[in-house]
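Have a look at the structure below before the remarks.
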Amino acid sequence: MARFVDRVVLHLEAGDGGNGCASVHREKFKPLGGPDGGNGGHGGDIILTVSPQAHTLLDLHYRPHLKAQRGANGAGDHRNGARGQDLVLEVPAGTVVMSESGETLADLTSPGMTFIAAKGGFGGLGNAALASAARKAPGFALKGEPGEQHDVILELKSMADIGLVGFPSAGKSSLISVMSAAKPKIGDYPFTTLQPNLGVVDMGNDAFTIADVPGLIPGASQGKGLGLDFLRHIERTAVLAHVVDAATLEPGRDPISDIEALEEELAAYQSALDEDTSLGDLRERARIVILNKADIPDALELAEFLKEDIEEKFGWPVFIISAVARKGLDPLKYAMLDLVQQSRKKRPKQKVEERIVVRPQAVDARKKNKDFEILADPQVENGYLVVGEKPERWIIQTDFENDEAVGYLADRLARMGVEDALWKKGARAGCTVTIGEVSFEWEPTTAAGVEVQMSGRGTDMRLERNTRVSAQERKRASQVRRGLIDEYDFGDDQKVTRESANRDRWQG
């Protein structure tokens, strides 16, 4: 029998984004081809999807370290890098995704549901995408961003309509084996069942699912026995069925005391639950009592004697059956189906979320420094920390071995208002400023309060106005040298004489 795993810890690492490419178009007779570096591809995501073929988390248990594919780097000729392939993990219905701190991130309850557990990094821009009127031929590109890296906890909670609860060896596995096609392990010793078993009870025009939860003992809600690991499998059940051993011979135990002990554990477990399953409080869900093993001598007499007392004390329907002899099963099945149908009618329908409409709003220039925050560095004297999503992303994207890329970063930070904010905080030239994982000595490029001007880094002078001497101008200069004319006006108040023509003879 395959091992049942209902809790795993995954170490996820999404794909990194590919780096952008810095290249210039090279073609015969096209000296001014311009930048043509492509963008890097985005990194692959790690996606969890609910599959009806998955019934356990066993596959993920043996490979907890998962990494998605990296995005390809950009290339010349405007070729963008390929996107990294997503890593899709199939999980069974009822899987809950939690963070390391225990916060619920997603509840995957139905086939087809997906959740992006780790987002891939964005690819870096190539120099073709960075070109502008002020920076016509950038000699740099942006690096790709790293993908998300974190741990998540997956817990599987059975999606059953009815949950069978009871003390060990009460006959729960025997009951589910005769009511459905499930084939659980059956034995005459406690804790034979070490994993939940699910079965489908076919009632002709309808059907319902039933779960066999391993035996509970007093103190299960505090972790005694196997209870704490398996109590979560009854959180989603609409009906709880107490399976009671009517033939128990243990001193101090009887069907009523067994039911009371189990109810105390369920109440204690409910107080620790903070999840809304849309099924209501665990203590208020429908219940039935099943007095099993009525085929054993004296057990049937005891069950009939206690039936009225149980109904009067708890107010729940009581059924006397024998799973081994297959007696009393039909009335029990129809009663279970009736309770399940009532529960389905009462269950609130999920509300359709309102469509989110994004409406652009004007940005107040006076609030341009709201994208970051300047803090004093507690570890460095006269040091400052620049905290914000955008500045930290820009630091990751920058190739610090390229002076032009560093200049581009300085322009971006200046336009955002970082330099002005540092000056107002008291920072002066030479102070240590840390952004992300990079620390540097701050040298302000603009005075505080002055409008930032584009520096024009990366401008290709060949793309400016052509100042080369034309053929006609060379011809006239030759005439000057031969004495045919005294001078020639080149324009822009420049005069060519015999001496200057000889000096610039080979110009152009």
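Positions of Cβ are set from backbone N, Cα and C atoms, glycine also.
For 2-159, the entry in Swiss-Prot reads domain 'Obg', with the evidence type sequence analysis. The annotation domain 'OBG-type G' is assigned in Swiss-Prot to 160-341. Among the features that Swiss-Prot reports, GTP binding site is placed at 166-173, 191-195, 212-215, 292-295, 322-324, with the record citing sequence analysis. Among the features that Swiss-Prot reports, Mg(2+) binding site is placed at SER173, THR193. Here Swiss-Prot flags 364-444 as domain 'OCT', drawing on sequence analysis.
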Legend entry - PRO214, LYS293, SER322 screened against SER173 (Mg(2+) binding site), Cα within 10 Å - retained binding-site residues: PRO214
Inset, instruction - Could you tell me which of these binding-site residues, SER169, SER173, SER322, has the fewest other Cβ atoms within 10 Å of its Cβ? - result: SER169
Legend entry - pLDDT averaged over the residues of the domain 'Obg' (2-159): 91
Inset, instruction - Would you find the one among the binding-site residues LYS172, LYS293 whose Cβ has the most company, meaning other Cβ atoms within 10 Å? - result: LYS172
Inset, instruction - Inside 10 Å of the Cβ of PRO214 (GTP binding site), count up the other Cβ atoms and send me the figure. - result: 24
Legend entry - Cβ neighbour count (within 10 Å, all chains shown) around GLY166 (GTP binding site): 25
Legend entry - For LYS172 (GTP binding site): DSSP state (helix, strand, coil): helix
